[in-house]
Amino acid sequence: MTIHLLSADHFSQGLDVVARLGVNPRRLGPDILAAVPGLRGVLVLATCNRLAVLLDEPDGAVVPPGGLGGPSPAVREASALLERRAGMAEGSAGLSAVRGVDAYRELIATAAGLRSMVVGEREIAGQLRRSLVRATEEGTASAELCRLVERASAASRRVARETALAGAGRSLVAVGLGLAARHMPALEGASVVVVGTGAYAGATVAALRDRGVRDIAVHSHSAHQAAPPDQAAQRARGPQPVSAAGPDRATAFARKRGLAVVGPHELPDRLAGVDLVITCRGLGGPVITRGLIDDALARRRAARERASQEAVHPLVILDLALSRDVDPGVADAPGALLVDLPRIRQAVPAAQTAQVEAAEAIVAEEAAALDRLMGGRRMDPVIRALRGRAEQMVAREAARLRPDDGQVGLDDAVRALERLAAALMHAPSQAARAAGEAGLTEDYLAALPMVLGTIGGSDSPAPIPAQEVR
């Protein structure tokens with residue numbers, strides 16, 4: 001079994017490449033498993049700044065012409081599939097590929113937040129666990145991938161416990177809110193619309209509430225709304241609490257968190273009256289268009305003119321989606337301020353070098369331990385074969401030993417055990433003779449204690465002195 005990690009991230013390939021590769025990741029795992037022969041498992045981790053694909057390839061795969069350093073056929077085929085889906089030329093994405101202990105180290109570092117745009121952020125660990133759940137549901141998670149993710153998650157928790165890396169403010173949401181807060185009144189009294197209903201939207205709502213924000217509504221195109229409401233009546237009523245009707249995601253998301261739902265036809269009115277819009281859908285196309293924002297800004301100006309008020313702050317729009325949820329042209333709209341991932345990246349506070357070094361040391365230690373564990377698991381088929389062979393020998397001797405009267409004498413039992421011992425030692429003895437004839441005596445003697453378990457232990461047979469066989 002060999003684990004490969006194929007990835008693109010914000011640092012190496014750039015956000016644009018990650019966005020193209022990560023479009024519609026939900027069917028990516030099954031597609032790769034179906035397209036690449038021989039794979040035992042696939043797990044896809046898609047976040048706002050990376051796409052990572054874990055491949056579980058069985059032992060005995062063909063070594064590429066370039067030797068051990070080149071990509072395996074499975075990696076080449078998976079890479080080509082990713083690029084085809086993204087409409088990119090083969091090899092143009094520049095995907096990173098590592099395997100074995102290097103893959104373990106990279107996955108653990110990713111789970112610990114060391115490869116994130118905001119170093120030390122904790123959201124990635126939850127995203128990795130949810131990726132495993134999805135792979136299990138899609139039937140692409142092998143036992144080795146499950147074990148790998150579990151160990152990586154445990155290692156990430158150790159990094160969080162033993163370092164100060166995951167401190168307050170070390171998340172994309174936190175940095176984005178910090179940028180937004182510079183251009184608006186205190187967040188505690190702000191009115192906010194969150195666009196999206198996924199896990200990241202949930203983290204966004206939690207971050208807002210941690211900062212004292214209470215006026216939060218959620219918008220999704222899935223929100224149940226049969227027909228456009230009367231606009232004047234809607235403005236008078238404001239956003240309505242969640243009703244029991246409508247099995248859509250927005251309703252379920254809002255009900256769980258005690259939020260109001262803003263339906264598609266209510267969104268223009270709602271945008272005209274809020275302080276902050278946060279988008280985190282990432283479904284491949286803008287949902288907040290320039291026209292929608294221009295309309296909202298015009299309504300805001302009209303409302304201020306009626307009330308004889310001056311503009312106090314812009315409409316702040318925080319786009320946390322990798323595949324932009326907000327039309328980039330919104331940045332040029334007078335009266336609006338767009339904060340997107342590239343801007344957040346520039347504002348990320350640097351992590352303390354000592355904390356990063358301590359975390360990297362933990363990652364290296366955990367990767368080495370995981371490599372030993374996975375190496376041991378590779379011997380499972382050998383162990384099963386050895387046990388099966390011994391069980392067959394015992395069964396044969398038991399059949400020969402079984403007397404008609406059901407009684408077994410001591411002499412018969414001793415002879416049966418001697419035959420069993422002779423049978424068990426026949427193949428190793430023949431191998432010893434062949435090793436001697438081939439000039440491999442030293443190699444055989446070095447391997448024998450490992451096979452027979454004679455390394456250490458007071459009740460183990462004494463190792464055979466090398467001089468006795470020379």
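Glycine too: its Cβ is placed from the backbone N, Cα and C atoms.
Listed in TrEMBL:
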- C48: active site, nucleophile (ACT_SITE)
- T47, C48, N49, R50, S116, E121, R122, E123, Q127: substrate binding site (BINDING)
- G196, T197, G198, A199, Y200, A201: NADP(+) binding site (BINDING)
- 223-241: compositional bias 'Low complexity' (COMPBIAS)
- 8-163: domain 'Glutamyl-tRNA reductase N-terminal' (DOMAIN)
- 358-449: domain 'Tetrapyrrole biosynthesis glutamyl-tRNA reductase dimerisation' (DOMAIN)
- 219-248: region 'Disordered' (REGION)
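Features recorded in TrEMBL, as mapped to the structure shown.
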| residue | record | CB count, 10 Å |
| --- | --- | --- |
| T47 | substrate binding site | 24 |
| C48 | active site, nucleophile | 24 |
| N49 | substrate binding site | 24 |
| R122 | substrate binding site | 21 |
| Q127 | substrate binding site | 19 |
| G196 | NADP(+) binding site | 26 |
| T197 | NADP(+) binding site | 24 |
| G198 | NADP(+) binding site | 16 |
| Y200 | NADP(+) binding site | 23 |
| A201 | NADP(+) binding site | 23 |
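If you measure from the Cα atom of T197 (NADP(+) binding site) to that of C48 (active site, nucleophile), you get 15 Å. Rounded to a whole value, the Cα-Cα separation of G198 (NADP(+) binding site) and N49 (substrate binding site) is 16 Å.
When averaged over the domain 'Glutamyl-tRNA reductase N-terminal' (8-163), pLDDT in the model lands at 88. The maximal spread of the substrate binding site, taken as the longest Cα to Cα distance among T47, C48, N49, R50, S116, E121, R122, E123, Q127, is 15 Å. For G196 (NADP(+) binding site), the spatially nearest entry among the binding-site residues T47, N49, S116, R122 is T47, judged by CA separation. Around S116 (substrate binding site), the C-beta neighbours below 8 angstroms that are at least 6 residues distant in the chain are N49, T110, I124, L172. Summarised by DSSP class, the composition of the domain 'Tetrapyrrole biosynthesis glutamyl-tRNA reductase dimerisation' (358-449) is 79 helix, 0 strand, 13 coil. Taking the mean position of the Cβ atoms of G196, T197, G198, A199, Y200, A201 as the NADP(+) site, the remaining residues of that chain whose Cβ falls within 8 Å of it are G202, A203, T204, F253, C280, R281.
Spacing of A201 (NADP(+) binding site) relative to Q127 (substrate binding site) is 13 Å (Cα to Cα, whole number).
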